[in-house]
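Colleague: My structure is below; once you've seen it, I'll send some questions.
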């Protein structure tokens, strides 16, 4: 088994046949070595027990039930007094049944088989190392043609081929004729090589260091040559140089990881533990089996057939043997990666078999679904909605999600306050949703942050911590300013919520991951908590005001015409004099009493420095009063002067929206200044 404390990473690579044998074989107490799967059977149809030496054999993979052998005998696991440690009749050890989750077996292949990942996947590692075309290697692997072994001292087939050329145009077609001759098997095995065995021989003869040296020399020679002037030839040179670089890198990787190239050709085929390819009984007594079991059975059937052809009959035609070797190669290819050679293999219901590659790759594969992104406890998921009244570091959790996430903490609180005698009573109170439950839940949530995450997590700000509060409904409320870090919007996006359990995780969430501590982008340093989308539209509406300017009166015929056009569409609108207010509180109060609108223009008394008023600006209008005072009306402000031209007061032309926006900014600045003064 993999120790989680010693092993912190997982890597897929090549292993030697000796390592596969060490993983799969075991010695039972009577000295017998078991581990090889020789029969393509699973369960006996009468006894419903695993077949001996089959794909679910209890001698190889361990007992189905802990401490119970195939005969039905029982022994206490771990008891030193119990003797023997295995059943002498069936050979099953008395161990825990969990061994069937990691105990492997193996199939001893009669002929070598190339691993399809290293042959057909692009780039082809076997083709790169041998520096041969992929089509040529495929023809050799699948027994479409053969090649002669180099033998110098003895007569070879190459020396005899001249006598057949007058009858057969191509001498390679004469090889199958020799294969059908009785007693020619010795000569054939000595001189003719085909299938994956031929690939294995060539890979075993490779010297990786010489490959690196020769490739480097050729790469330098190609680099010294200048452009040929022919575009096609120049492209061929560039492709050849790229190939040489890949070949050198591949050879260096094999040397660095102590991997032999011939390991890409399999002699022993590992068999997965039975719990990873189960057979399940469903309603009605029917059995459901993993597709991998059927693919393993196909491999064993064809391998046993090849063994019988080679051992039982010496007069077997060579073409039949080559055809059976090809079937074994195709069966192993289908087991490892169904459909990689073209049309995938299907069952009787025209359903594609799910191979080993299909099990581990993709979003629903073993790695991404179970190992990397598996679902965890103390987590939930829901749609996010905007929470404008929330603080930047807070989020709103629905009651339904919060009570599930913090259920254990609420149970502990109920028991500590002697409101429940045990866990069962506490759970019943939670199901009944008593008021005391929500009070304890709020106390728990005040001291416990939560983590919000939106997939995909492309950078550090994709997961941040927040202080949760209870909200009604079934959606998570989020402050709109933190959306840019998550790359989220409120059109149906979902976010996951997690509860940090350990003290270290809670400390990290509070000190490093709170949203108000991540205001700048970690990549470029720009502010990331800035208004976007709906907030910008809201600010525009809040500060837009009315389209009628100060000159919209009878003295300006253009604006008067526009005003008359507006009255056509807004028949309920009645022009009124713009009101005057002494302070912002009176203006906001009038808006709340619905005396004015949000974008209605008004005059607000303002403490404005005279120096900011342009001296050359000419007033648009001047209104005189009976006592001699007069009003100078400008584009955006109004000055009240006395007869002696002394300034009494200044009014600015604004709206309630502008006033509200200004007050929010002023309060935020004052709060920030107070916080800074407290820190100093």
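Glycine is no exception: its Cβ is also placed from the backbone N, Cα and C atoms.
Annotations for this protein, taken from Swiss-Prot, read as follows:
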- 69, 71, 87, 90: Zn(2+) binding site (BINDING)
- 489, 491, 493: Mg(2+) binding site (BINDING)
Colleague: Per residue, counting other C-beta atoms within 10 angstroms of the C-beta, which of the binding-site residues 69, 90 reaches the highest number?
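Modeller: Of the binding-site residues 69, 90, the most buried by Cβ count within 10 Å is 69.
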Colleague: I'd like to confirm something. Which of the binding-site residues, 69, 71, 90, has a Cα closest to the Cα of residue 491 (Mg(2+) binding site)?
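Modeller: Closest recorded candidate to residue 491 (Mg(2+) binding site) by Cα: 69.
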Colleague: Would you list, in sequence order, the residues of this chain other than 489, 491, 493 that have their CB within 8 A of the centroid of the site's CB atoms, where the site is the one recorded for Mg(2+)?
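Modeller: After dropping the recorded site residues, what remains is 384, 488, 490, 492.
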Colleague: Name the residues of the same chain, 6+ apart in sequence, whose Cβ is under 8 Å from the Cβ of residue 71 (Zn(2+) binding site)?
Modeller: 87, 89, 90, 92
Colleague: Might you list, by sequence position, any residue in that chain lying six or more from residue 493 (Mg(2+) binding site) with a Cβ less than 8 Å away from its Cβ?
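Modeller: Those within reach of residue 493 (Mg(2+) binding site), by Cβ under 8 Å and sequence separation of 6 or more, are 383, 384, 454.
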Colleague: Using all protein chains shown, find which of the binding-site residues 489, 491 scores highest when you count other CB atoms within 10 A of its CB.
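Modeller: Of the binding-site residues 489, 491, the most buried by Cβ count within 10 Å is 489.
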Colleague: Which residues, in sequence order, are found in the same chain with Cβ within 8 Å of the centroid defined by the Cβ atoms of 69, 71, 87, 90 at the Zn(2+) site, excluding those residues themselves?
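Modeller: For the Zn(2+) site the neighbour list reads 58, 70, 72, 73, 86, 88, 89, 91, 92.
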Colleague: Within 10 angstroms of the C-beta of residue 87 (Zn(2+) binding site), what count of other C-beta atoms is obtained when all protein chains are considered?
Modeller: 21
Colleague: List the Cα distance (Å, whole number) between residue 489 (Mg(2+) binding site) and residue 69 (Zn(2+) binding site).
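Modeller: Their Cα atoms are separated by 59 Å.
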